Amino acid sequence: MEEVMISPVEHDPQGQVKQQQAAGVGILLQIMMLVLSFVLGHVLRRHRFHYLPEASGSLLIGLIVGILANISDTETSIRTWFNFHEEFFFLFLLPPIIFQSGFSLQPKPFFSNFGAIVTFAIIGTFVASVVTGGLVYLGGSMYLMYKLPFVECLMFGALISATDPVTVLSIFQDVGTDVNLYALVFGESVLNDAMAISLYRTMSLVNRQSSSGEHFFMVVIRFFETFAGSMSAGVGVGFTSALLFKYAGLDTENLQNLECCLFVLFPYFSYMLAEGVGLSGIVSILFTGIVMKRYTFSNLSEASQSFVSSFFHLISSLAETFTFIYMGFDIAMEQHSWSHVGFILFSILFIGVARAVNVFGCAYLVNLFRQENQKIPMKHQKALWYSGLRGAMAFALALQSLHDLPEGHGQIIFTATTTIVVVTVLLIGGSTGKMLEALEVVGDDLDDSMSEGFEESDHQYVPPPFSIGASSDEDTSSSGSRFKMKLKEFHKTTTSFTALDKNFLTPFFTTNSGDGDGDGE
């Protein structure tokens with residue numbers, strides 16, 4: 001006779017009540033930490049206290065609550081609501097963050113630096129991964145640190161090369177800086193995540209199969225295939241949505257709810273489509289965001305445009321803040337391997353060296369193909385090197401390594417990664433403002449005379465055909481607003497887009513004639 005399984009919840013009503021209570025307490029604590037993080041972030045912004053950025057504050061809140069939960073011996077049923085699950089991160093938290101990055105992107109600064117961005121993100125990340133892995137293996141061979149197998153060192157190099165400069169970019173916007181530097185840091189970080197994931201998964205496959213070196217040669221080819229396929233999927237979904245909203249006639253007052261619902265579903269469809277066929281959802285949803293903002297957005301009614309802009313900004317802010325809280329709490333709750341402190345210390349040193357090889361080497365390569373007045377200046381290279389924070393992506397991959405690596409090696413890598421994340425987010429994130437001042441790349445916070453000098457310095461690097469000082473609208477009180485105005489001015493005047501967009505794409509995919517700027521702003 002077939003045995004009928006009865007779940008504990010059905011068998012024990014009292015247990016069901018306790019589980020519901022634990023869920024309520026866990027979710028309540030999460031909401032309280034979110035509220036506290038947003039209030040703290042508002043206070044920090046209002047008082048212009050850049051030594052503790054919002055992301056750092058959220059991480060600290062998670063760490064403190066996690067430590068208190070450990071000390072107070074919180075019930076396991078409540079703790080389970082705070083365990084960082086990489087599947088939850090990749091499927092629910094990451095997509096809105098990446099889509100908002102593409103949706104809010106000013107495309108012309110991004111695409112005018114696209115060659116440099118791809119160089120840093122693909123070649124640079126590959127170089128940084130190999131250099132980090134090689135140095136870690138060499139350090140182990142010289143008995144300076146715990147020795148890991150070579151492939152596992154490369155896995156560590158791949159996951160720790162995933163940058164997450166959310167903190168740096170927020171400070172860039174607050175204090176104001178060069179639009180090209182902002183585009184380089186932003187673009188490199190987004191595409192770098194896809195490269196790091198691809199490298200990590202490939203090395204994990206090599207480690208499981210313990211096979212020949214042919215897989216190492218296939219890493220680059222596989223990434224290019226993944227990148228091209230993911231970009232094509234994202235662009236295809238974006239163009240499909242543009243045609244749908246152009247010809248479906250949804251921009252009427254009684255269909256705004258349907259219009260907004262469909263618009264919100266397309267990004268997630270793009271992400272899941274790419275992940276479902278073995279491509280990169282990150283790259284796919286990024287380009288979906290770029291295409292939907294430029295072509296689909298203008299096909300919406302004004303009310304729907306206002307709603308979807310606010311909605312994606314809201315969801316992205318919630319996901320971003322929750323990720324850092326989630327990560328901080330889990331760091332405090334997880335078991336760590338502190339018996340190999342040397343591995344942690346040397347890893348911090350090695351990723352700094354690898355980041356330098358990545359940035360300065362790729363910048364040299366990019367400058368070889370640029371005119372003298374368009375070369376990346378050294379102060380921008382230094383800022384780019386300093387902006388290589390590690391965050392949620394590296395943490396999620398390190399958490400995955402606990403399952404991928406046996407014999408406690410994953411625990412060592414996880415402990416080293418969490419330490420690096422905390423150190424870079426708190427120390428580097430908190431000192432970014434001073435770094436920008438020291439490198440003299442601060443823009444809108446300076447006085448008028450220095451601002452004019454900054455405008456002149458822009459002509460040393462992809463000279464923008466605009467003059468910030470010539471505007472009569474500089475009475476705005478917020479430096480962040482002035483920075484956004486500068487981005488918008490750059491977006492409207494630069495000539496990086498070809499006539500193809502104006503004469504063919506915009507008229508075909510939108511209700512616009514293509515005679516305007518087509519910003520969709």
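Using N, Cα and C of the backbone, Cβ positions are placed for all residues, glycine too.
Of the residues Asn70, Asn299, Swiss-Prot records the annotation N-linked glycosylation site for Asn299. Topological domains recorded in Swiss-Prot put Phe307 on the same membrane side as Lys382. With pairs at least 6 apart in sequence, the transmembrane segment (223-243) and the transmembrane segment (272-292) have 3 or more Cβ pairs within the 8 Å limit; the two touch. Three or more CB pairs closer than 8 A are found between the transmembrane segment (341-361) and the transmembrane segment (412-432), so contact between the two stretches is assigned (pairs 6 or more residues apart).
Stretch with the most C-beta contacts under 8 angstroms to the transmembrane segment (49-69), considering only 116-136, 223-243, 311-331, 412-432: 311-331. Across the topological domain 'Lumenal' (137-141), mean pLDDT in this model comes to 95.
Residues 122, 191, 194-195, 198-199, 202, 262-263, 266, 269-270, 273-274, 277-292, 295-296, 299, 509-510 of the same chain sit 6 or more residues outside the transmembrane segment (223-243) yet have a Cβ under 8 Å from a Cβ within it.
The list of residues near the transmembrane segment (24-44) in space but at least 6 beyond its ends in sequence, with Cβ under 8 angstroms from a Cβ of it, reads 52-54, 57-58, 61-62, 65, 78, 80-82, 318, 321-322, 324-325, 329.
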